[in-house]
Amino acid sequence: MNPHTKLLSSLSLILGTTITISSTHWVMAWAGLELNTLAIIPFISKSHHPRAIEATIKYFLVQATASALLLFSSMTNAWSTGQWDITQLTHFTSSLLLTVAIAMKLGLVPFHFWFPEVLQGSSLTTALLLSTMMKLPPTALLFLTSHSLNPTLLTTMAIASVALGGWMGLNQTQLRKILAFSSIAHLGWLAAVITYNPELALLTFYLYILMTTTVFLTLSSTKALKLTTLMTSWTKSPTLNATLMLVLLSLAGLPPLTGFLPKWLIIQELTKQEMTPTATIIAILSLLGLFFYLRLAYHSTITLPPNSTNHMKLWHLPKPTNTTIAILATLSVLTLPLSPLILTIT
C-alpha cells in the first residue's frame, strides 16, 4: 500500500472513531461512522486478491445499509420528538431501528453473516482492526442509548449470538473465522447486560479488545492462519505459543484468568435483575465456545502433528518477541488474579 494512502486512511480511521465517540448529535455520529467505513476499505482491499475484493464489497454494502438505518432512525426520532440529541431517543420505532443498525455494525445475530467472510478475506492486521477498533463507535452509541433500547430484543439477540458464535466456531479450521465467531459470542455477552449495567458492558468490551488484540498479534508474529500451521508454529517460539495457550483459555473465560471476570460479573448482574434463566442459558452456551478455544490451545502447544504436514517446521523467529505482545499477554492472563493486590495497593 502507498505510504500516503496508509497514513491518510489511518488518520481518517482515528478521526472517524473520535467523532462518533465524542458526538452528542446524531448527524455527527453518523458522519463519524461513514468516515470509519470509508477509511477501512483500502486496508481490506490492499492485497487485490479476489477474496479481499469480495470481502470489501460485502463490508461496504452491510455498513452502508446499517448507516442508512441509523440515519433513518434518528430522523424518525427527530420528526416525532424534535430532538437530535443521542441520549434523547424516546420514539419506540426509532429505538428498534437503531438496535438493528448497531447489531449490523457489530455483527450480532441475525446480522452476523458478513463478519466471518470479511475477516477471512482480510490480513491478520486488518482483521484485528475490524474486530476491535471498528466495533468501538457502535458500542459507544449502544452505551449512550442503552436506557432507551428494548431489553427483550437485545436479550434475544444476545442468546442467539452466544449460541451461534459457539456453534459455528466448532467446525472451523481457519483461525480468522474462529476468531470472528469468538467475537460474535463475546458481543452477545455484552448485549445481554448493556441495558442493565452499561459500565459493566464497557468493561466487558475493553477486556475483549485486550485479549483479542493479544491473540491477533501473536498469530501475526508466528504467521499462523489455520490450525495446520498453528500445529507447527511451536518450533518458532515455544514461549510465545505457551503464552498464546493461556490467552486463549482466558478468552474462553476459564477462572482464574482475566476472561472469567466479565462473565462472572455479567452472570451476577443478570441474576440480580431476576434474569436467572438468561444467565443460565448463556453460561451453558458458552461451553460451545470453550470447546473450540480448548482445541486451539491444544493445537498450539499440547499436540505435535501425528503425521507429516504440508508445512515445513520453521526454526525460531528471527527476532525476539515484541514487547507489546508480552505486556498485553500478561494483562490478558493476570488482570483478575492480581486485582485484589492492585486494589490493596491503591
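For all residues, glycine too, the Cβ spot is worked out from N, Cα and C.
Taken from TrEMBL, the feature domain 'NADH:quinone oxidoreductase/Mrp antiporter transmembrane' covers 23-288. The transmembrane segment annotation in TrEMBL covers 57-75, 95-115, 152-170, 177-194, 200-219, 240-261, 281-304, 325-345. According to TrEMBL, the feature domain 'NADH dehydrogenase subunit 2 C-terminal' maps to 290-343.
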Long-range Cβ neighbours of the transmembrane segment (95-115) (under 8 Å; 6 or more residues past either end) | 33, 58-59, 62-63, 65-67, 69-70, 72-74, 76, 89, 130, 135, 137-139, 141-142, 145, 148-150, 153-154, 157-158, 160-161, 163-165, 180, 183-184, 187-188, 191
Do the transmembrane segment (281-304) and the transmembrane segment (240-261) come close, with at least three CB pairs under 8 A (pairs 6 or more apart in sequence)?
-> yes
Do the transmembrane segment (200-219) and the transmembrane segment (325-345) come together with 3 or more C-beta pairs under 8 Å, pairs six or more apart in sequence?
-> yes
Could you tell me what the rest of the chain brings near the transmembrane segment (57-75), counting residues at least six beyond its ends with Cβ under 8 Å?
-> 26-27, 29-30, 33-34, 37, 40-41, 44, 84, 89, 94-95, 97-98, 100-102, 104-105, 111, 114, 117-118, 130, 141
Chain residues in Cβ proximity to the transmembrane segment (240-261) (below 8 Å; excluding those fewer than six residues from its ends, i.e. six or more beyond) = 182, 203, 207, 210-212, 214-215, 218-219, 221-222, 233-234, 286, 289-290, 293-294, 296-297, 300-302, 317, 321, 325, 329, 331-337, 339
